[in-house]
Amino acid sequence: MAFELPDLPYKLNALEPHISQETLEYHHGKHHRAYVNKLNKLIEGTPFEKEPLEEIIRKSDGGIFNNAAQHWNHTFYWHCMSPDGGGDPSGELASAIDKTFGSLEKFKALFTDSANNHFGSGWAWLVKDNNGKLEVLSTVNARNPMTEGKKPLMTCDVWEHAYYIDTRNDRPKYVNNFWQVVNWDFVMKNFKS
């Protein structure tokens, strides 16, 4: 089964002025596409060829893992943003954030710190463990919290290709822009599932 580059859940210019059309053209159309194409080449003729993406992530390593995880991480990341995003979470998610982190502001500060201070390429995550406890963490390169038994709720890509066109080396500005488009409905859906 060949994997395909999924369409973005919005138009290329829909996240402007926070994330530019040019960034999405390169990030989605070139970087994400390259992960999908490389993954398909690597799994061709192997037992992974018929496996679902999440199983490949759990069972593989090396190049297959890196490209499978980057495909999953990016697909998830696109849905973590919306042109109607930003603002604050509500309902059960807001309550869980308050209970775990003390307040939305404290959660945002912790997540922002995790994203801004992550050394090198990787991802900042809001996850839920098997006991339903929320946690902020960062992973290096293509790592995905699923490999540690944690459920991703939200992620911010902190690879330089995610922001260099728009903010050059100013990752904090990019992370601030990310907050303006966070898709809390998607995060809530992940929290409830």
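Cβ from N, Cα, C; glycine included.
Values in this document were obtained by computation on a predicted structure and should not be read as measured data.
What Swiss-Prot annotates here:
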- His27, His74, Asp157, His161: Fe cation binding site (BINDING)
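Everything Swiss-Prot records as a feature, shown here on the structure.
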{"residue": "His27", "record": "Fe cation binding site", "DSSP class": "helix"}
{"residue": "His74", "record": "Fe cation binding site", "DSSP class": "helix"}
{"residue": "Asp157", "record": "Fe cation binding site", "DSSP class": "strand"}
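Taking all protein chains in view, 24 other C-beta atoms sit within 10 angstroms of the C-beta of His74 (Fe cation binding site). Sequence-distant neighbours of Asp157 (Fe cation binding site) (same chain, six or more apart, CB under 8 Å from its CB) are His27, Asn73, His74, Tyr77, Trp123, listed in sequence order. Taking each Cβ in turn and tallying the other Cβ atoms within 10 Å, the top scorer among the binding-site residues His27, His161 is His27. Taking the centroid of the Cβ atoms of His27, His74, Asp157, His161 as the Fe cation site, the other same-chain residues with Cβ within 8 Å of it are His28, His31, His32, Tyr77, Trp159, Ala162.
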